[in-house]
Amino acid sequence: MSYSAPSLFILPDQASVCFANSSKKMEQTNRIIIGSTILTFSLISIFLNITVTVALLHNWSSFRRQPFIQFVLSMILAGTIYTSVNFFVSIPCSFNYCQYLKDDNLLIILSLPNTLSFFAYLLANFGFSIYRSCIVFDILRNHLRAVQIVTLYLPWILSIYTVVDTTSRGCIKRFNRWSIGYTYNCSSCNVWFGISFIDVNFYAGQVLPILMCIMYGLMILNIYWKKTHNDGRSKKFTAFDVKLAIQYLIVCSVQYLASFLFYIVPKVGNGSVLAVIAMNIIGVIDMGLNPLILLIFNSKVRFSTAVLFRFLPCVRVNQPKVANVTIFQRKSTY
């Protein structure tokens, strides 16, 4: 079987020629396996994100006063955008070279939301960790509302600016239909004083999740320290804060792995099927992890979601424990 794509897909623009000449081509059987895997995980991620969003909005009267939920919706929005792009780019490009994307400008436009949502999700997580740190460590107590607004909206502003600035300078992420993966290759990424944006992006993707993991680890230690020193916090409140910190410690750890694999897998995987699958689905798993963890750990979200599916005979709608509802309704805890 020939590894070469039909000549129809070797486009005349410089980037497409660069990709076609520098990429290891895959057999069609492997492309189907890769495309099917991306499709499966993308559907699961989209289902989780949309389901939790609908559940939150359906019971909005209970959730609207909780700052935590606003951060959740911001992260879910980023995750939904990130995963949705797969249905227009990576999945059809995996199966059949996405024949409708014959114009490089169209490929760039359709790939931009992938970059934007990745940064927005990373920075939204980082913003939430700062906000939670202010609560747990009792920092800026009188300015929590301002901290919330800044950490909630600034990530999206910075993400939009970064994408617009780097793209306008010629540092463009595209989807390589031959090697099946997003890449900054075949573009010029020395954008700031001769510094490569690829390096900046790589280290930011490593450093921020590590910082978040450290912050959540310190939160857990701080909460247990307060508990042992009897500062007046209830055991239930302490357990809630620890549970929340553990949730996002898991999210940050997977986010670190996603960023790491994006750069490392192409270098060490040598274009193998498993390497390409790992590079494409780890980000999708990361984007679906937040709603999944909410469903596992948060009884209020789990109850609101179960209400949506109460028409199914296998779904039991159990009211969350009174203690959990009381904790959830404390504005200061979220």
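For all residues, glycine too, the Cβ spot is worked out from N, Cα and C.
The transmembrane segment feature in TrEMBL is assigned to 32-56 (among others).
What TrEMBL records for 68-88 (among others) is transmembrane segment.
If one looks beyond the transmembrane segment (108-131) by at least 6 residues along the same chain, the residues whose Cβ comes under 8 Å of a Cβ in the stretch are 67, 71, 74-75, 77-79, 81-82, 84-85, 88-89, 101, 144, 147-148, 150-152, 154-156, 158-160, 162-163, 167, 172-175, 182, 204-205, 208-209, 211-212, 215-216, 248, 251-252, 255, 259, 283, 286-287. Taken from TrEMBL, the feature transmembrane segment covers 108-131 (among others).
Taken from TrEMBL, the feature transmembrane segment applies to 143-164 (among others).
The annotation transmembrane segment is assigned in TrEMBL to 202-225 (among others).
Packing against the transmembrane segment (246-265) from elsewhere in the chain are residues 121-122, 125, 128-129, 132, 182, 198, 202, 205-206, 209-210, 212-213, 216-217, 220, 275-276, 278-279, 282-283, 285-286, 289-290, 293-294, 297: each is 6 or more residues past its ends and has a CB under 8 Å from a CB in it. Among the features that TrEMBL reports, transmembrane segment is placed at 246-265 (among others).
A Cβ distance under 8 Å defines the sequence-distant neighbours of the transmembrane segment (271-297), meaning residues of its chain 6+ beyond its ends; these are 23-24, 26, 30, 33-34, 37-38, 41-42, 44-46, 48-49, 51-53, 72, 75-76, 78-80, 82-83, 86, 90, 117-118, 121, 179-181, 243-244, 246-247, 250-251, 254-255, 257-258, 261-262, 265, 305. According to TrEMBL, the feature transmembrane segment maps to 271-297 (among others).
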Q) Looking only at residues six or more beyond either end of the transmembrane segment (143-164), which have a C-beta under 8 A from one in the stretch? A) 67, 70-71, 74, 112, 115-117, 119-120, 122-124, 126-128, 130-131, 134-135
